[in-house]
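Asks: Attaching a single structure in structure tokens format; questions to follow.
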Amino acid sequence: MVDAFCATWKLTDSQNFDEYMKALGVGFATRQVGNVTKPTVIISQEGGKVVIRTQCTFKNTEISFQLGEEFEETSIDDRNCKSVIRLDGDKLIHVQKWDGKETNCVREIKDGKMVVTLTFGDVVAVRCYEKA
């Protein structure tokens, strides 16, 4: 089912992302850049692992992982996290844990678009991507 996510995706819409970044403790200057940047996300499968590359003018990141296995990740805003990504039905669920905190990123395909729902506490942001 990961195959449905394997593509190059371009951000087309973002809702409540500034509030989400603020809740995470992201500084003002970084939030300003984050709010105007339109990242490209490339999801692929390479040798039994899933690879998610995020490219933008601010910073490029890459994570490579096995579904369901914990791995260490440095987030785009420089948090050192223990992460697990698993497939739950047609959703790719990414859980990041750091300093006793936890955030969830749920990716799903709806009408040919990738909808990403980011949750930290009671703050929810939604970002929509279309195939590039």
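Backbone N, Cα and C atoms are what each Cβ position is placed from, and that goes for glycine too.
Positions annotated as N-acetylvaline by Swiss-Prot: Val2. Under the heading fatty acid binding site, Swiss-Prot lists Arg127, Cys128, Tyr129.
A description of the local structural setting of each listed feature is requested, covering burial, neighbours and distances.
Replies: For Val2 (N-acetylvaline), the same-chain residues that are 6 or more apart in sequence and have a Cβ closer than 8 Å to its Cβ are Ile43, Gln45, Val50, Leu67, Leu87, Leu92.
Other Cβ atoms within 10 Å of the Cβ of Tyr129 (fatty acid binding site), summed over all protein chains shown, number 24.
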Asks: In DSSP terms, helix, strand or coil for Cys128 (fatty acid binding site)?
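Replies: DSSP call for Cys128 (fatty acid binding site): strand.
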Asks: Using the centroid of the Cβ atoms of Arg127, Cys128, Tyr129 as reference, list every other same-chain residue with Cβ within 8 Å of it (recorded fatty acid site), in sequence order.
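Replies: Going along the sequence, the neighbours appear as Trp9, Leu11, Thr12, Asp13, Ser14, Lys113, Met114, Val115, Val116, Val126, Glu130.
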